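Straight from TrEMBL, the features:
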COMPBIAS  1-12  compositional bias 'Basic and acidic residues'
REGION    1-38  region 'Disordered'
COMPBIAS  14-27  compositional bias 'Low complexity'
TRANSMEM  79-102  transmembrane segment
DOMAIN    138-241  domain 'Late embryogenesis abundant protein LEA-2 subgroup'
Amino acid sequence: MADRVHPRDSPFHTETTPLSLSRSSPPESEKPVPPPGTYVIQIPKDQVYRVPPPENASRYQSYTRRKSRRNSCHCCCCWFLGLLAAIVFLSAVAAGVFYLVVRPESPNYSVESIAFKGFNLTTTSSPPSAISPEIHVTVRAHNPNKKIGIYYERESSVKLFYSDIKLCDGVLPAFYQPSKNVTEFRTALTGSGIKLTSAVQKGLVDAQKQGKVPLELDLRAPVRIKVGPIKTWTITVKVACQLTVDKLTADANIVSRDCDYGVDLW
């Protein structure tokens, strides 16, 4: 009887190792490859170069030109404002020094006397007749300044009103008034063919009976101020006097007077 042969003992038998279906893991030094898709990449700002696309290049150049023009205009405005502030500051300093050195004071004006001719208002005719008055006025000008002289120039005017009706007018003489000086000058005012209404004529008659005739004297004089060897430009002195006289005759007396003084610098 033949011997039983076991398969393991067969010379042709070789031991096989079962195959594994799992993939081998990659080495730890290699990073896994991500599947394809969309990714967000963050880049530091200092490494980003801002270059406009070709279609926006002209727009970018125009914007940069406008910005440079705005910057230049801003600089010009700053220079102008600084220069203006410097001029204003220096002018204020000069005015302060001038005031401290010269100590200017306003001149004083007043009406000293007044005489009337040509007012025939004893009767009230109907219609009232025209009048041609002549009035002589004495004006007192006082210059209290120690270092300032005043040149009174031509083209002045003096007007006398009653109830907003101009009765007569005239001019002042041209003269120079030195410092610390009082000058009285007499000027003649004339009117021609002044027509008064019945109400105005009656008002003048009644005012004379009461001894209070209200009048207004308006004086305008172009002057130039002299400080040492320097003369200023021409300025206009304005004097408005409210007068009350007792009558409209040659021996009239001034009952009250109130004069206001002003200056037009230009």
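Cβ coordinates come from backbone N, Cα and C, glycine included.
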Average pLDDT across the domain 'Late embryogenesis abundant protein LEA-2 subgroup' (138-241), rounded to a whole number: 93
Composition by DSSP (helix, strand, coil) of residues within the domain 'Late embryogenesis abundant protein LEA-2 subgroup' (138-241): 13 helix, 61 strand, 30 coil
